[in-house]
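Please read the structure below before turning to the comments.
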Amino acid sequence: MQPEKRKTIKSFFLPDNKKTRNEEQQETAVVDPPSSSQNPCSDSLDQTHSASSSLTEETTDITAVSQNFGNKSMPEDISKSCNDHPRQPKLSSYPSNFQNRSFQSSWFVNRNWLEYSVKNDRIYCFNCRHFRSYKTNIGDAFTTCGYNNWKRALESGSGLHKHEQSQAHVITTKNLESFKLRQQLQLSVINSLDNSRSILVRRNRDRLIKISSTLLLLARQMIAFRGHQENEK
């Protein structure tokens, strides 16, 4: 009778149902790898790809809309930037519409903001076109599309009177005044700097002329440029 094998300390921490190496290999061979349809990572990747594709499409649509809004055709015979002056062509006669009504040059009086396009036969607001802010809600009649309802142009509740009394037009007019004031201040500062610089240049030039004439005299008379000191031996 063989003596019972003594247990070691390691045997107390091992499970009782210990499997052999052959059994583990058989179980590993039975388990099939997950297919692509059952792979959760592939599903998450597909969802991420679809979400990014939809986001790209939405961004493209937004960009296209903004480009279409920014590319509204404007007539070439009106002001292009805020540094230009409002175009107010005074003609002997203006084109008439189907109601036999037309624009009048007298409407330019006391309306420095008004400009007229001969090409489109429409009027625009110089202030609202160039000095509007993103928060200012301004219609397209006097900014991009132009206004040509000559029948109601001088009515109190519409047309020119309604636009120049609107809050948006008042804000853009103040922006124009602030812009002109800043330009004047910049010009005054530049002029003062130029004046001080010209004074300094003139003063230095006079000094150089005196020094040059002195050097020329000393060279002609063969006089030393510096004398000796009396304390020298």
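Cβ coordinates come from backbone N, Cα and C, glycine included.
Feature list (source: TrEMBL):
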type     : residues : note
REGION   : 1-95     : region 'Disordered'
COMPBIAS : 34-71    : compositional bias 'Polar residues'
COMPBIAS : 74-87    : compositional bias 'Basic and acidic residues'
DOMAIN   : 99-186   : domain 'TTF-type'
**Prompt:** Per-residue pLDDT averaged over the domain 'TTF-type' (99-186) comes to what?
**Reply:** 87
**Prompt:** Per DSSP, what is the residue tally for the compositional bias 'Basic and acidic residues' (74-87) in helix, strand and coil?
**Reply:** 0 helix, 0 strand, 14 coil
**Request:** Using DSSP, tally how many residues of the domain 'TTF-type' (99-186) sit in helix, strand and coil.
**Result:** 38 helix, 10 strand, 40 coil
